[in-house]
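Undergrad: After the structure tokens below, expect a handful of questions from me.
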Amino acid sequence: MTENNPTRCGYVAIVGRPNVGKSTLLNHILGQKLAITSRKPQTTRHNMLGIKTEGDVQAIYVDTPGMHKANDKALNRYMNRNASAALKDVDVVIFVVDRTRWTDEDQLVLERVQYVTGPLIIAVNKTDRMDEKAELIPHLQWLQEQLPNAEVVPISAQQGHNLEALEALIAKHLPENDHFFPEDQITDRSSRFLAAELVREKIMRQLGAELPYQITVEIEEFKQQGHVLHIHALILVERDGQKKIIIGDKGERIKRIGSDARKDMETLFDAKVMLNLWVKVKGGWSDDERALRSLGYGDL
């Protein structure tokens, strides 16, 4: 604590519909890639903490899965429960919306956050894409009318526009507390978890329109030998056809997935990485609560 500034620390939930820019926002605030991103909805499946300590202020961000209407599989129910649970026991809630469109799933999130009793901030994303800034004003006014107790901040998560103002507003609302984490800690997640997420991100980016959503990644080995990290990752799918898609013609696609994931791992872990990937069919895992628990999806 400095003479004029109290030490502040608290939890900040980042919520919104799928693919609205929540993970991109977290990565930009942290100044490094922690949460995986892609253009595909439901890229984020787990709540994850991203911790930023700056001077007397420690903000502990909770990146959440996008709230969505699909509830037909156990995996969908898990993600929706995770996102809703993040609204409880946090000090600040950031509701991320996309300036360019409003969907039924945005409305679903709005109906959840209207019951938030603590500080609520609406982060209006992608405002850098507007040719006429005057067009933004009616949209901001409409949001303010929907959530009159919220503060509205236009941002660009991708470009970093106005994030300093957003962070200053968050810091103002954090309670006076000693810091909960060491200054150099940036997440609560293990290296094994982060490695699995990087592989899954590369799969989602490589597959495009062919993407089978019933994919998960399990790290079977994570071992340091000298200056080299040896990582063995198992990619689980539900059907033989999905396995063929991931492997690709003569194994070319899985080679690209492995190469791209390895490069990001070497940056994240600051070490040389030897990465081996396997693909295995496990039918129905995404709707099997026991299988989901064994794969690290927690309480269902």
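Just so it is clear, glycine is given a Cβ too, placed from its N, Cα and C backbone atoms.
Okay, these came from Swiss-Prot:
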type	residues	note
BINDING	16-23, 63-67, 125-128	GTP binding site
REGION	16-23	region 'G1'
REGION	42-46	region 'G2'
REGION	63-66	region 'G3'
REGION	125-128	region 'G4'
Undergrad: At a 10 Å cut-off from the C-beta of Thr64 (GTP binding site), count the other C-beta atoms across all protein chains.
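TA: Thr64 (GTP binding site) is surrounded by 27 other Cβ atoms within 10 Å.
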Undergrad: Going by DSSP assignments with H, G and I as helix and E and B as strand, what are the residue counts for the region 'G1' (16-23)?
TA: 2 helix, 0 strand, 6 coil
Undergrad: Calculate the per-residue pLDDT averaged over the region 'G1' (16-23) and state the result as an integer.
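TA: Averaged over the region 'G1' (16-23), per-residue pLDDT gives 88.
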Undergrad: What three-state class does DSSP give Thr64 (GTP binding site)?
TA: coil
Undergrad: Highest Cβ count within 10 Å among the binding-site residues Gly16, Asn19, Lys22, Thr127: which residue is it?
TA: Lys22
Undergrad: How many helix, strand and coil residues does the region 'G4' (125-128) contain under DSSP?
TA: 2 helix, 1 strand, 1 coil
